[in-house]
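K.L.:
From TrEMBL, for reference:
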| type | residues | note |
| --- | --- | --- |
| COMPBIAS | 1-11 | compositional bias 'Polar residues' |
| REGION | 1-27 | region 'Disordered' |
| TRANSMEM | 85-105 | transmembrane segment |
| TRANSMEM | 126-146 | transmembrane segment |
| TRANSMEM | 195-219 | transmembrane segment |
| TRANSMEM | 231-255 | transmembrane segment |
| TRANSMEM | 283-304 | transmembrane segment |
| TRANSMEM | 311-328 | transmembrane segment |
| TRANSMEM | 344-363 | transmembrane segment |
| TRANSMEM | 389-407 | transmembrane segment |
Amino acid sequence: MRQRKNGSSIKHPNLSDAEAKPQKKSPYSSKDVFLTCLGFRMLNALLIQTYFNPDEHWQALEVAHRIAFGYGHLTWEWEEGIRSYLHPMMFALFYKLLALLRLDIPFVMIKAPRLLQSIFSAVGDLYLYKLSFVLFGDGVAKWALFSQLANWFMFFCFNRTFSNSLETTLTLVGLYYWPSVRSSLNKAPSGSRKWGLALAALACAIRPTSAVTWVYVGLLELYLTHDRLRFIFMELIPIGSVVLGITCLLDRLMYDSWVLVPHNFLKFNFLSSGGDYYGTHKWHWYFTQGFTVMVFTFLPFCVAGIIKSKYWKLSGLILWVLGLYSILGHKEFRNSASSVNCRFVLPVLPISLIFAGYSLAALEERGSRNGEKKRSLCICNKRPSRKQLAIFFLLASNIPMALYMSLIHQRGTEDAMNYLSKEAAKGKVKSIIFLMPCHATPYYSTLHNNLPMRFLDCAPSKGMPTESDRFMMDPVSFAVDFAKNWSHPSHIVLFDSEERHLKDFLVSHSFREVRRFFHAHFKVDRDLQASVVVYAMTDT
């Protein structure tokens, strides 16, 4: 440590200080932290009104709606058995509860799932605070929580009903209980490793790719622990087997046959490169674009925190996850409904923000020392401190980004389905066709009405263009051929970029525009899709 002139030490909120003193009790109770985070996340959930990626609806809510109400679309992944029913079942039970309470009305069906997710997100926020506290103390914990709540991508993505969101919460809770993650003098309570193992197994059951994180943690534990045989044979194998067995039984019940989802997932995505169908990027993409965009203006603070803290266990985990995902081809900067799809590495974003909190805590400590000096010298300085400038910079850059992405960018497809849901409840919709790229809108989970609907298929095909591909290549020819075999729909939904080509076709088939919804100011990976247009039969 550096010394003051009078010989007293200048303290930094670093690991060595935390280890040198007994762990103090947090000045904030877990209940207070959780309730604060819950209130914030519930408001966060209500402010999310945009469409990010199809999996939020099609791999979670759509499946849950089918379980709870008997109708809903299952995508090709469920036919191939590469998805577990564990995550959708949670929302299916929630839907059942809403139905029992007679609350399954359009507004509630639209808002309730993200409000449910906000509870899990708040749990994740709480354990980020608790993990930061046991590692670095309260000074870092409060700024780590600030970073978590202020980061634009966490605001934009954490409350969405992705399996990645729940995986992130389970990762934060699990890391808190793993002894190997903690410092040598701040040991975890007895038996906590079993909780950490159970949470790790559950995360892997929900998302098999979560194993990337837990292999690192498990190897670290294996290296540091003195009871390796007990860890492997008395904890790892029994707990993993129990969670795998429960998951297999659930999937056996839902698939009506024995399905080993982790095996099928591994076979499709890695052994056969099936995941590459949805897009690949250069090996450095996560480092230079993907993860960098997620961390955003917190990046310099994260890097500074990693260097100052020298806590290589957690920073090594970040590098491990980003490195392994970089080796894989499938990075999914994907489709017109997705702008910055890096949710695969979402679980390590909060860990990066812990280091940002470390850096901010160091600024606070430095500012308080400078303040003491100036007061003792009777120096008046009205200029903002470095900490204040840093906070202003982070909030000024992240809040507009979070609000724009959550409230404005790509909201048209959600607005269109919300409108059709209300119209269907009034009996004004008979059937719908979506002439747009596949999975570009929510589906039955939002409509909540068992009406005939049809979207353009895009299941992986060996070298053959899908319906969605053929439509995007030549909208007019595709629509003419498609109309020969359709049952005349009451409504058609499409983007304005395709409407320009299909205007005459729609008029000739007696359709008229009934609503137009703003969608985006700029293009993502196709032509600009500025608005979503709903057409209806002239007598509808």
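Backbone N, Cα and C atoms are what each Cβ position is placed from, and that goes for glycine too.
Whatever TrEMBL says is automated annotation, not expert-curated.
Because the structure is a prediction, the values reported are computed rather than measured.
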K.L.:
For the transmembrane segment (311-328), which partner among 126-146, 195-219, 389-407 gives the most CB pairs under 8 Å?
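P.N.:
Per the Cβ under 8 Å count, 195-219.
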K.L.:
I need to check the long-range neighbours of the transmembrane segment (126-146): which residues 6 or more away from its ends have a CB within less than 8 Å of a CB in the stretch?
P.N.:
13-15, 17-18, 23-24, 26-28, 30, 33-34, 37, 169, 172-173, 175-176, 181-183, 186, 309, 311, 314, 350, 353-354, 356-358, 360-361, 364-365
K.L.:
May I ask whether the transmembrane segment (231-255) has at least three C-beta pairs under 8 Å with the transmembrane segment (85-105), counting pairs 6 or more apart in sequence?
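P.N.:
These two stretches do touch.
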